[in-house]
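As recorded in TrEMBL, the features of this protein are as follows:
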ACT_SITE  90  active site, nucleophile
ACT_SITE  177  active site
ACT_SITE  179  active site
BINDING   231, 232, 233, 234, 235, 236, 237  ATP binding site
DOMAIN    204-402  domain 'GMPS ATP-PPase'
Ligand SMILES: Nc1ncnc2c1ncn2[C@@H]1O[C@H](COP(=O)(O)OP(=O)(O)OP(=O)(O)O)[C@@H](O)[C@H]1O
Ligand SMILES: O=c1[nH]c(=O)c2[nH+]cn([C@@H]3O[C@H](COP(=O)(O)O)[C@@H](O)[C@H]3O)c2[nH]1
Ligand SMILES: NC(=O)CC[C@H](N)C(=O)O
Ligand SMILES: [Mg+2]
């Protein structure tokens, strides 16, 4: 069932080989910012498997291991003999140096954070226009001797060999992390590698994504009919708009009201999306189906799998109803469009070799007996890229700027069993928190603010001079660029006070409001 993102685009990718780096995502993003298509792959792929992806260039990421440690990932020598341009970063640089016959040593000179970097030569593709600067380091090992045939391009106090090049073979390495914003000129170095070193063109833009995806969708769907799961969120709105552009009224959007929605959500989908695009919309009222299937379940992964399965069952029902309505019996609808993004795939463990963090309902939660062929035009994109595509397609700012809301909805924001009373309670608390955030004019600054009910926790309070024994509500406002990493938002205290005060006064059963001050990692954005 896993489709590699590469299957979704004709671009030759720049492969980021992940050696367990904290920054592999960031490297891929920076390459895309340079308008070059990029994908992350695990280091467990063999050279043959890597080359089979027809990469335009390869970037080896950093990683936590020491190249000497037992079981440390080996950077294979044959990778450098295939004629593909390679840039090694930190661990990748050390591994490349070792593979090519250089030396790596534990000199005891560790460097963490901002580091004065001396550029020894600008007469090479990598460091053209880059002068002495502060780069961001995070290493304990160092390259003590460059491999034969490589020129040393830069040095620092702790790393005399801080950058190397073999121009003829198009092989480059840097000890520091050009992908982090704290590395001055880092983006320039990556672009130098891509444009000057690997000779790539900056032609991967939102315009080119739209054209290419529209073309692919037409090819895939032909003149068949297609349904699209539409949630009111950004991703499905953009996916639907792309499909509509490709195949026009062969498309019917299906909005599933699973009873796990927030206040006013169903109405808002009908109002905003249909008004903006004129697409056909079928509303499936499936509250009972989902509540029955979820009764008595409190394990998060089980909930996610049930929701993923019931979503598909709801789409199947909807498909039958749509066909019956059109009186075109017999002609079943084969295609289902979903607004699946790259992070959904990566976190669900759908990227090759990546860990399963949580099964997103639309990826890891899909049932085995799926009858639809999936159409997922956004499967290779990050959220901010999807927003840019949406804007390009002319969707209104209220849609492309909307805060994300997960498909499983309030179902994964009740820690414990889901009941209609608990949903009712959480819906009220969530509506208050959202209204206050909007009133404070902070919607644009906050990426998302899950409001979570700890249904299995109770604490003692005093309300109206009497004892109460109620549930806590957690506020989880975060800032983020692409939901892969996040920080907790420093909301003004008076806003937090107002939300807390209103929730404890207005929502029966809640006697405490707490603020989640955890970044991602280690926490995820949602609690389940
Ligand atoms: N209530 C729903 N009805 C129909 N399809 C849905 C519903 N909720 C989610 N989906 C499908 O699952 C996909 C993934 O959901 P997800 O929440 O990640 O995206 P989104 O809602 O489109 O955007 P956002 O992340 O901004 O909320 C959606 O793109 C959509 O295809
Ligand atoms: O459609 C979705 N189906 C899911 O199963 C799902 N789980 C998490 N999310 C959203 O993904 C982003 C990252 O969330 P986490 O940090 O909790 O993994 C956040 O924006 C979450 O709201 C989901 N969206
Ligand atoms: N960030 C990295 O890639 C670190 C590489 C290696 N673990 C070191 O400490 O030198
Ligand atoms: Mg959503």
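Backbone N, Cα and C define each Cβ position, glycine as well.
Structure with TrEMBL features highlighted.
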| residue | record | DSSP (3 states) |
| --- | --- | --- |
| 90 | active site, nucleophile | coil |
| 177 | active site | coil |
| 231 | ATP binding site | coil |
| 236 | ATP binding site | helix |
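Contacts of residue 231 (ATP binding site) defined by a Cβ separation under 8 A and a same-chain sequence distance of 6+ are given as 255, 256, 269, 339, 405, 407, in order along the sequence.
Neighbour counts of Cβ atoms within 10 Å were compared for the recorded positions 90, 234, 237, and the top value is held by 237. Other than the site residues 231, 232, 233, 234, 235, 236, 237, same-chain residues with C-beta atoms no more than 8 angstroms from the centre of those residues' C-beta atoms, the ATP site, are 230, 238, 239, 339, 399, 402.
Highlighted here are the recorded positions (90, 232, 236) whose C-beta falls below 6 Å from ligand 3: 90, in sequence order. Fewest Cβ neighbours within 10 Å among the recorded positions 179, 235: that distinction goes to 235. With respect to their backbone Cα atoms, residue 237 (ATP binding site) and residue 179 (active site) stand 31 Å from each other. Checked against residue 234 (ATP binding site) by C-alpha proximity, the active-site residues 90, 177, 179 yield 179 as the nearest.
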